[in-house]
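Inspection log for the structure reproduced underneath, given as C-alpha cells.
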Number of protein chains: 2
Amino acid sequence: MVIFVDMDEVIADTYGAHIEIYNKQFSENLTLELCNGNEVWRMVPPERQQSVRDHARNRGFFRNLKPIKNAQVVLRKLNEKHEVYIASAAMQFPNSLEEKSDWLDEHLSFIPWQNRILCGHKHILLGDVLIDDRSYNLEKFDGRTLLFTSPHNIRTTGFERANNWLEVADKLL
Amino acid sequence: MVIFVDMDEVIADTYGAHIEIYNKQFSENLTLELCNGNEVWRMVPPERQQSVRDHARNRGFFRNLKPIKNAQVVLRKLNEKHEVYIASAAMQFPNSLEEKSDWLDEHLSFIPWQNRILCGHKHILLGDVLIDDRSYNLEKFDGRTLLFTSPHNIRTTGFERANNWLEVADKLL
C-alpha cells in the first residue's frame, strides 16, 4: 500500500509553533484550546494577523518545529509494512524547502530522499492513502483519505478522521 | 491532459554546466560531442570523476543553469492548453531545492508553485504524460512517456523520444 503523509500539523507541529512565537512576541497567553475550530491567525487582533501569517516566511521556522506526538514511532512501523511517502505542499514557501529536508533527516531519517515530496497540488499523487489536515487536499485525492485532526479542522465534517497517530496505527497497521 | 516535465537536462542544461565547470577548473576542452552516449563524469580521468560528481552539491550550481533551447516558449504554449507540472527528483540534493524554486521563478514564472514538484521516485505521479531524460523514471510511469534526448541517453532504446522542444511541441500541441 502506498501512503502519503502530510508534514505541517500532521507530523510537524506548526500550529503549536505559531502560538509559541506569538505569545513570546506579544507577551500573550494564547492556547491551543482557545484556538479550537479556527486558523491561528484569526485568533489574534487584526493588527497582528499579518505578523502571524508571516511566521512561515522566517528562516528557521520549519527547521525547528516539534514532531507531533507518536508520529515517529507509528511512521517507523507503517514504513516497515507499507510504502510511505512524506508529501508537503511546501513550494508555497521556498525558504522552507531545505529546512523540511533537514527536519526529515533529523526526525524521520528512515524515510529516504526517494520517498520525500515537496509539491503544491496533491491530486497529482498516485497511491492508496493520503493523511492530511486540509480537506481541500483530501477532496481531490483518488484513494482513501484520513483527515488528521488539527485545531483548525475540528469542525470539518464528511471525512474519515484520525485524531492522533495511535488512531492512524489502528487503521493502517 | 496532465503533463509532468523533468528539470535537469530537459528544461535546465545540467550537462552543459558540468562541461563548462570542468573545462574551467582543469583547463580542458571537453565537448558535448565527445561525451555522446555517456554520463559526463565517465568522460574525465578517474582522479577527476569525484570532482565532477560533486558539482551538484555546490551552492549556486542549479541556480545558474541555462535553459534548454526552446523549452520556455514551448512550455508556455503547452501550459495554455494542458495542465503542466514541473517534476524534479531534487530531494537527492537538498542544496538544490530553493535554487530550483528560484530558477523556476526566473525562467518559467508562468508555472505557479502549485504546479511544481520536487520529489524522488516519479512513479507516484498521477497524470497523462511524463517527459524525462532518465529511462528509469519513464519505465515505471503509468502513462505516455517521452524520452528527452540528452548526451547520456542517445543509445537508450525502447522509448518514444523527443530530440528537442520543437519535437515536444509537434507531439503535444
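Every residue, even glycine, has its Cβ placed from backbone N, Cα and C.
Predicted automatically and left uncurated, TrEMBL annotations should be read as such.
Annotation source TrEMBL lists active site, nucleophile at A:ASP6. The annotation active site, proton donor is assigned in TrEMBL to A:ASP8.
Around the Cβ of A:ASP8 (active site, proton donor), the same chain contributes A:THR14, A:LEU65, A:SER88, A:ASP133, each under 8 angstroms and 6 or more positions distant in sequence.
A sphere of 10 angstroms centred on the C-beta of A:ASP6 (active site, nucleophile) encloses 23 other C-beta atoms. A:ASP6 (active site, nucleophile) falls outside any helix or strand according to DSSP and counts as coil.
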